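Student: The annotation transmembrane segment is assigned in TrEMBL to 36-60, 186-206, 218-238, 386-408. Under the heading domain 'FAD-binding FR-type', TrEMBL lists 278-385. The region 'Disordered' annotation in TrEMBL covers 472-496.
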Amino acid sequence: MDSLSSKASPIGVVAAVVDPDKAIRISRFFSYPKQVLYLVASFIALVSLCHFISLAYRFAIRFRVYPTTRTPFSLRRFPTAVIDSLRAIAFRWTVPIGSSHTLNLAEVGMTLGYTGVVLSWTFVNTTSTLGVKAEPHYYANRAGTIAASHLPIMTALGMRNNLISWLTGISFEKITVGLLDDETIGHRWVQCGVLAGTTLTLLCILTLRPIRNRSYEVFLIVHFVFAFMFLLSIYFHLTGRVLTYYGAWPSMIVWGLDRFLRLVNLSAFNFGYLNPWCQSSKDLNASVEVLSPHFLKVTMYRSKHFHWRPGQSAYLSFPSVSTIPFESHPFTISTIEDDATAAQKKLTFFVRVRSGFTQTLMQTASSDTTYKVFINGPYSSPPVLMGYQTVILIAGGSGVAFTLPLLLDLISRAKRNQHTCQKVVFMWAIRNADHLKWIEEDLLAVLEDLPESLSVSLQFFVTSVLDSPQTWDAESNSESDENVVKVKTSSSSSSHSRSRILDYSFAKLEQGRPDLTTVIKDEISIGTGPISINVCGTDTLSDTVRKVIRNPRPTDILHGGPSVILHVEAFGGS
């Protein structure tokens, strides 16, 4: 038999040995990554559909007036009870990840589910025709193609102009390399693959919140450089293998489109700075006011064509202050678009002072100076507050930059007979009573002549008397006070006049932490319609609210109780 197997063919050519697995491998190599993409796309489509159905429902019930007393037990409320219970379990029970981060059960489930899908499609049907299980030729290249096919999605999720975020309503803020035959580390495509895998791993590590918060400016530079290296490496890794369309080119197109849209946005709303013949470019400059050793107030004006929703943020760049070219940081816009006839719109930002850029801005702040500032935005997906009986807004320190515009918008729309809710409870934990002056001008402008259809409760809590290291004021953080610039401000409310906000009967000032458990449970106990709770502050504040409402209440809802929706805004400011 050995002599027969080596015998030359009649035409002198050695008979080639046919690999029976090759055709099967190639077929699955191209089809399985597409199946995973279809599954991911279907999930995104499902979340998007739910989001738009929710928006449509909120819009449809925006004029509903809920009764003051609860109705008898009704099975018609069963779907609402089930949805509310699932929401409480999935989004309000959390799993600690290290000492400074948590994931809710929905995030844990999605992570495990996604990992399971990727691993399943990578290792399924990897037994060769000879019976070898998990044969490397079957899964190695397939794993790389599945990973590469997800690069456009990963790139899109990291862009400011995020279509997926718009579709789902989720605000913006993860391979095995097989060496086949003679394809060793000496080949360029293999070297590029190793470089791509290394840079991606480093990107994942450096994106962890504790590392990112320690030096945000350094994180931005490293992230940009590594992301560019990764895309370039993956492009050369796939070039020549008819695979660039799986991940390299789509990712570059998505990245380029985002940069183009940023440039258009930057040019449109900062045109005065870019036009050398403009005589009014100084009108775009911002003033910076020192509110306390921990906070700044930035005020600027932009054209009437600049639009934003209450609670959205924008990226600000101060070229005369920044030490890094093109450095920009996101801050929440604390004002609303109320006067549609105004030629210019006022934008206000409350900036929490940390180390880095904000500390430099504090050191250079002067009441006699204005600063050239480039704005890019708006971004993020704040909640749509329509169709609720009660809206509860809770903030700590600079978190008021998010909750204040929501309050102003609710009151303004109620005055225009655009029914939004029947009651709004506004709670703000501050270190000093003088901080009420920060929002006094904007708030007093809407508190006059409140409509009877809207009940307003303003509750302010001064937490400076507490000895606990974890307060709910945004000024309390892990940074040492030595990192905070000392400015000449008063820490005693007695040396200043009482805020005029407290002249209203529905406004009260208390000493100590807010009793969130009592306030929230009281509103739920008397509620008959849906309640929206919106929080922006420290992790301690957010976790406290989650714990209050994380237990399912199906029986209470069946007896006429309210469903509860929670929105936790990422703690803003750099």
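Cβ coordinates come from backbone N, Cα and C, glycine included.
What you are looking at is a predicted structure, and each value in this text was computed from that prediction instead of being measured.
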Student: Limited to the domain 'FAD-binding FR-type' (278-385), I'd like the whole-number average of pLDDT.
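Tutor: Here the predicted model's pLDDT, averaged over the domain 'FAD-binding FR-type' (278-385), is 85.
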Student: Can you work out which residues elsewhere in the same chain, 6+ from the ends of the transmembrane segment (36-60), have a Cβ less than 8 Å from its Cβ atoms?
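Tutor: Result: 114, 117-118, 121, 146, 149-150, 153, 164, 167-170, 384, 386-387.
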Student: So how many of the residues in the domain 'FAD-binding FR-type' (278-385) end up helix, strand or coil by DSSP?
Tutor: 12 helix, 43 strand, 53 coil
